[in-house]
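These come from TrEMBL:
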type     : residues : note
SIGNAL   : 1-24     : signal peptide
DOMAIN   : 8-135    : domain 'EamA'
TRANSMEM : 40-57    : transmembrane segment
TRANSMEM : 121-141  : transmembrane segment
TRANSMEM : 147-167  : transmembrane segment
DOMAIN   : 148-279  : domain 'EamA'
TRANSMEM : 179-196  : transmembrane segment
TRANSMEM : 208-226  : transmembrane segment
TRANSMEM : 233-256  : transmembrane segment
TRANSMEM : 262-283  : transmembrane segment
Amino acid sequence: MLPSPVHAALWALASAITFSASSAAAKLLGTKLPAAELAFFRAAAGAMVLVAVWRLVVDLGKAYDPAGYVLRCGLGVLALYAFMYALSAAPLAMVFLIFFTRALMLPVAARLMLGERSSPLVWVAVVIGFVGAALPLVPALQEPQQALGVLAALVAAVATAGSQTAVRRLTEAGNAPGMVVLIYSAASVLGTLPIALPDWVTPPAADWPVLAALGLFGVTAQYTAAKAFSKATVGFLAPLDFLAVPAAAGLGWLLFGEVPSMLTGIGAVIVLGAATVVVIGSAHTRELRRPVRQLAKV
């Protein structure tokens with residue numbers, strides 16, 4: 001039998017690949033369907049899976065910290081909208097590069113929302129990471145359509161950092177992780193459907209397999225991430241999580257003919273290196289301060 005770290009690495013690799021595949025499916029559909037509709041289909045896929053755990057509904061009375069749930073659900077839905085729009089308006093590799101700066105924003109979110117302090121090394125890594133992210137953004141911002149996609153990806157990164165921090169706040173308040181996922185899944189469907197309906201475009205039959213892939217790969221990415229985090233620490237898995245960036249670059253090249261620029265490549269190396277330092281450093285700080293439950297990305 002393989003040791004747990006190897007198992008965790010394989011699950012993390014599967015999560016990175018399936019998350020990239022789900023995003024590629026969204027990009028394929030981005031020229032045909034509105035971003036709000038794509039966000040709804042992505043949210044609905046996750047909600048359908050939760051039918052299997054409907055028994056959690058009886059525990060709704062055990063949901064603590066309503067303000068934390070408002071933050072988690074509101075920021076999560078905003079991130080979903082912004083990410084889907086970014087995929088339709090900017091190259092896949094660039095969207096992923098910007099989106100993964102969320103790891104650089106976690107110390108800021110934790111300081112503002114949880115009052116946590118980070119080490120000087122973490123803050124130095126945050127600054128270096130943002131410098132790396134800025135390298136490919138200068139030429140991208142000069143193209144109007146890409147500029148909107150870049151801004152949307154930045155919004156998604158900021159909102160995701162806040163949403164992930166809210167998840168920690170909720171679990172530390174005594175909410176079961178399954179309850180957090182259940183309430184967010186319901187809120188994401190309710191939050192995306194009203195905006196999707198006014199501009200609804202009925203997908204042609206030929207697009208339904210791609211929609212199915214969007215949902216299936218998205219749910220699989222969450223499941224495989226959960227398995228990975230059950231077998232290893234955040235610090236061990238952080239570098240593997242960032243494999244989604246080169247995976248996205250490869251899919252962008254194969255499916256859309258997108259060739260990342262040299263600046264994008266250099267920026268990606270700087271961002272991923274800095275993000276790894278931030279995640280490992282932050283995890284070490286929390287371990288010294290108090291025990292922390294490991295959570296999958298949601």
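Cβ coordinates come from backbone N, Cα and C, glycine included.
Please treat TrEMBL annotations as automatic predictions, because they have not gone through curation.
What you are looking at is a predicted structure, and each value in this text was computed from that prediction instead of being measured.
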By a Cβ-Cβ criterion of under 8 Å, what residues six or more beyond either terminus of the transmembrane segment (147-167) are in contact with it?
68-69, 71-72, 75-76, 78-80, 82-83, 85-90, 94-95, 98-103, 105-106, 108-110, 113-114, 137, 140-141, 180, 295, 297-298
Long-range neighbours of the signal peptide (1-24), counting only residues six or more past its ends (CB under 8 A):
42, 83, 87, 92, 95-96, 213-218, 220-222, 224-225, 227-229, 231-232, 236-237, 240-244, 247-248, 251-252, 255
What are the DSSP helix/strand/coil residue counts across the domain 'EamA' (8-135)?
111 helix, 0 strand, 17 coil
